[in-house]
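Lifted from Swiss-Prot, the feature list:
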REGION    1-56  region 'Disordered'
REGION    70-89  region 'Disordered'
REGION    247-272  region 'Zinc finger-like'
BINDING   CYS247, CYS250, CYS269, CYS272  Zn(2+) binding site
Amino acid sequence: MSQEHPEQGSSSKRRVYPQQQYDFAAAQPAGYSMPDPTQPYGASASPSAAMYGGAHAIPSPAAFQPHTANVQSGAFAPPPGTPGSAVDPPVAPGVAGGMAYGAPQAAGAAYGYQGLTNQMGNLNIGGGGAYQGGAPPGAAGGAHMAAPTQLNQIYNTDLLQNFPPPISDLTLPPPPVILPPGSSVTGNPDPNADSEFMRCTLNTVPTSSSLLKKSKLPFALVIRPYTALRDADENVPTVADTTIARCRRCRSYINPYVVFLEGGARWRCNMCNLTNDVPSGFDYDAVANKPRDRWSRAELNHSVVEFVAPAEYMVRPPQPLVYVFVLDVSVHSVKNGLLATAARTIKESLSRIPNVDNRTRVGFLAVDSSLHYFAIPRKEDVAEGEGEEGEENEWPEPRMMVVSDIDDPFLPMPTDLLVNLSQCKGGIEKLLDSLQSMFAHTVNPASALGSAVVAAHKLIANIGGKIVCLTSTLPNVGQGKLEVRDDKKALGTSREGQMLQTASTFYKSFAVECSKTQVTVDMFLFSSHYQDVASLSNLPRFSAGQTYFYPGWIASNPEDANKFALEFSEYLSQELATEAVLRVRSCDGIRMSAFYGNFFSRSSDLCSFSTFPRDQSYVIEVNIEETIVKPWVTFQAAILHSTASGERRIRVITRAFPTSALLQDIYASADQIAITTYLANKAVEKALQKGPQDARDLLMNRLNEMFTCYKKDLMTTNVGASAPLQFCTNLRMLPLLVNALIKHIGFRKTSQIPSDLRSAALCLLSTLPDKYLIQYIYPNFYNLIFMPDEAGLPDAETGQIVMPPCTNLSGEHLISHGLFLIDDGQVMFLWVGRDAQPALLQDVFGVSSITEVPTGKTELPVLDNQFNERIRNIISKAREKTDAITYQHLYVVREDGEPALRLWATTHLVEDRVEQSGVTYHQFLTSIREKLNS
């Protein structure tokens with residue numbers, strides 16, 4: 001049904017339901033109003049206060065000074081007509097010059113201005129005759145010192161008085177990174193990398209380790225090198241001339257924050273201050289055979305660039321992409337339909353596998369108590385003169401060879417086990433068509449998965465690539481065999497931590513061997529029984545892979561089969577970087593101290609990735625070892641990798657952050673989303689080492705330390721026990737997120753969560769990019785009957801479906817006549833109130849009674865009315881992603897329906913009591929206040 005977007009202020013045509021059921025104001029609890037997503041941080045702190053983002057105290061602009069020095073007249077003369085007027089520095093949202101609201105004494109006159117004066121004295125901007133030759137358009141002509149830059153102001157908010165928390169804050173960008181004018185060499189108003197690529201827990205960096213320690217805030221980077229599954233969905237500029245300028249000492253790459261010296265012949269590194277020669281080809285276009293405009297080079301204008309690397313960056317020529325599929329053919333995988341569904345999905349996705357240069361290779365290995373190898377015929381083996389070449393019925397039958405020695409597996413033949421995808425596509429399709437019939441009558445319950453992975457590794461060790469394991473059986477024979485250890489009596493006790501650790505050293509040690517030979521292992525696990533996810537997930541964790549868990553999966557359920565087929569097809573289609581390493585550099589006195597994520601640590605500062613996934617992020621903890629004297633510091637992540645098309649490239653991500661010696665500056669620029677991501681990774685580490693209880697204690701202790709520091713050093717006066725709970729506005733969602741983490745399935749105190757589910761959750765918590773991690777911790781909660789008229793319809797300008805606003809995750813909003821959607825990014829629940837009106841049920845489900853509403857895993861029917869279409873559009877939009885493979889299941893939950901399903905849905909309402917957690921979010925905040933004042 002085609003829909004027109006209603007004009008602003010008008011209502012679209014829709015069925016009229018009883019007024020009391022669909023009146024927004026009538027349904028909300030007293031005193032509650034929907035948060036306004038357009039409000040800046042701090043908007044609810046005080047109507048008259050200087051808001052985080054207020055415009056009344058913005059410092060006056062200073063002229064831009066190009067970041068160059070030591071001019072030599074006549075060199076790189078600017079072309080005629082180059083503007084010479086000053087450029088106003090960018091004013092980021094949230095810059096305010098007045099006293100900090102709520103803490104006038106703490107933010108005295110020296111705050112933000114005089115506190116930076118001495119730092120700015122160290123900033124070499126223009127003094128001594130700046131190099132003006134070839135200055136970028138818009139650069140100022142005079143040499144002078146720019147005015148000190150005002151940093152973010154700190155604003156207090158009362159967490160208990162301003163309740164419930166405004167969850168629209170979760171979608172706001174991080175606090176602005178405010179750099180001094182002229183910090184960019186080209187005058188680009190926004191040279192910093194987007195926070196989607198790199199964000200820091202502290203957007204103002206403390207100048208000393210003592211200040212960092214005093215703040216109790218974590219100092220870490222959250223890095224996501226790729227923001228889309230495919231290059232076409234990214235917009236990263238490429239430097240293709242292989243002219244790469246790097247510092248001779250620290251090996252950092254030239255970027256928008258360097259300084260050109262001596263008439264542009266040399267450049268000063270912004271990391272270590274060493275002066276380097278500019279490469280001879282830097283100002284020359286070898287392709288067009290003419291000089292180039294230096295200031296148009298991508299690496300001087302953009303902080304995320306990709307260099308095409310010359311031959312010296314290669315240890316060996318880029319290898320082809322290789323996929324080896326290890327398929328479980330034991331009786332359980334045959335009966336639940338995994339083998340047939342996997343074979344069909346692989347066949348349908350062969351054309352989606354990256355194969356730009358026709359070099360991609362594939363192989364197949366089936367496993368039960370033996371190993372089944374398949375020799376696939378090549379195109380030249382097809383008989384000539386028997387029809388058109390490539391027809392499926394012209395390909396010879398693949399040969400199967402069985403190896404029963406699972407303790408020391410070997411390759412039964414040297415060739416034809418790993419074949420070219422383009423040359424052998426017909427033979428591959430023929431094999432995939434026949435796999436189900438080959439093992440249809442098996443009764444073998446055993447699985448030698450560990451031995452199969454060893455055999456697959458032998459097959460591709462000299463090339464590298466991916467081993468893709470699809471299994472629904474606990475590995476119970478051969479190398480790395482496991483036993484059932486799902487002790488329900490241990491759940492929720494101190495012994496539960498042992499069940500989250502690997503039961504066999506094989507899976508970690510062999511993952512390290514895989515990483516050394518550029519092999520990644522990905523696990524797709526399907527079972528209604530115990531599968532020891534804790535042990536099996538070690539293979540992906542230390543080989544830069546991922547664990548995908550499908551509990552209770554069965555192909556006869558269309559929703560299960562559809563979810564796996566969609567996700568696996570997306571997985572196969574994502575573009576891969578291979579033979580990759582990641583190194584993060586920064587200024588003198590700053591060191592990367594700890595790394596979190598799925599990879600192999602080759603050295604203290606080098607992370608190795610056999611293949612670089614597109615849907616994961618990484619956390620890097622930072623130490624300050626020396627006092628920082630610079631007015632700003634720079635972090636640079638470099639990823640050396642090979643592309644699927646056979647090019648060696650370096651993706652470079654650079655971000656600069658101001659520094660300060662004032663505690664209030666550090667708190668005012670702290671990023672609550674990045675801090676939560678860091679805490680989640682630390683809690684996962686603690687849970688895997690000690691258990692969920694220790695993880696919960698870690699989260700609670702870190703939060704209490706921040707509140708204690710804030711009260712002691714940043715609150716205006718010492719107040720009594722009846723005082724409110726104050727915190728800085730830009731961190732006001734941090735307690736909510738920590739509360740949600742403590743109640744999350746990965747850490748929650750309960751005896752009802754199987755260890756496999758908890759282990760799979762820990763895998764996600766340690767790898768999800770921050771926007772999906774926050775949603776996984778604090779799900780999106782939509783009220784589908786009290787939503788704007790435009791929600792669920794295409795936007796008139798963008799054509800994108802408009803989503804309804806989110807509301808707080810509390811059961812007080814689950815009105816009995818309502819319809820609600822809970823979405824944590826992995827699963828969705830459509831909640832139907834027990835008193836839902838027949839007209840609503842008819843429009844959404846096509847039934848007239850609540851008892852007729854189908855519950856459980858399902859999809860909405862397609863009905864000929866606008867409300868049904870809007871709900872389906874919202875669900876489809878929630879599933880729409882270009883940077884992840886996840887396709888959420890939809891569970892319909894009736895308020896008066898199955899108790900287990902209802903309980904599962906309500907555990908996502910993390911502002912309420914959840915199982916044994918025992919406290920609401922309001923009580924959680926009250927307990928923090930009592931602890932502070934005790």
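From the backbone N, Cα and C atoms, a Cβ is placed for every residue, glycine too.
Of the chain residues outside the Zn(2+) site list CYS247, CYS250, CYS269, CYS272, ARG248, ARG249, ARG251, SER252, ASN270, MET271, ASN273, LEU274, ASN276 have their Cβ within 8 Å of the site's Cβ mean position. Taking a C-beta cut-off of under 8 Å and a sequence gap of six or more, CYS247 (Zn(2+) binding site) has these contacts in its own chain: TYR253, CYS269, MET271, CYS272, LEU274, ASN276.
Other Cβ atoms within 10 Å of the Cβ of CYS269 (Zn(2+) binding site), summed over all protein chains shown, number 26. Per DSSP, the region 'Zinc finger-like' (247-272) is made up of 3 helix, 7 strand, 16 coil. Counted within 10 Å of its Cβ, the other Cβ atoms near CYS250 (Zn(2+) binding site) come to 17, all protein chains included. Across the region 'Zinc finger-like' (247-272), the model assigns an average pLDDT of 96.
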